[in-house]
C-alpha cells in the first residue's frame, strides 16, 4: 500500500530548516553588528549581518501588517494544498514543507523584531546577490521543486491522454 502522506519526513525537513534558520539568525543577531562581514570563501561567499524590514531587495519596506496578513494566508494555503493536492506525492510534500518552513522562519523574525535577519552574502558571476538567509533559500528551493513537480506531473498527464 502506497503511503499517502509523508508527515514524518516533511515535519523533519520543516523542523530542521526552521531550527537552522532561527539558530543562525540568533547567532548573527547576538555575535555580529549590523554591517559586519567576514569572508567564508573570498570573492564568492561572505557572512554579512544585515536587517531587512521588507521583502527581497527591500520591496515593501516597513509594511509589517501586510506581511503578517499575507504570511498567515500563505501558511494556511500551504496546509490546505498539502492536504488536498499533495496526497501520494512525496516530492510535492517536500516542496511544501520547504515553503512552509521558509515562510514561517521569516514570519517569526517579523513578529519578534519587526525585521528579518539576513546574512548569506554571495557574489555569483560578478553579481553581488542580495543578502539572504536560510528561510529565503528554503523558499527558493521549495518554489523551484514545486515548479519541477508540477511540470513533470503535467507532462505525464499529457502522455497519458
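From the backbone N, Cα and C atoms, a Cβ is placed for every residue, glycine too.
Note that TrEMBL annotation is computational and uncurated.
Of all ranges given (30-49, 90-109), TrEMBL attaches the label transmembrane segment to 90-109. Residue 118 (active site) sits 9 Å from residue 136 (active site), taking the C-alpha atoms as the reference points.
In sequence order, 56, 102, 106, 118, 120 make up the list of same-chain residues 6 or more apart from residue 136 (active site) whose Cβ falls under 8 Å from its Cβ.
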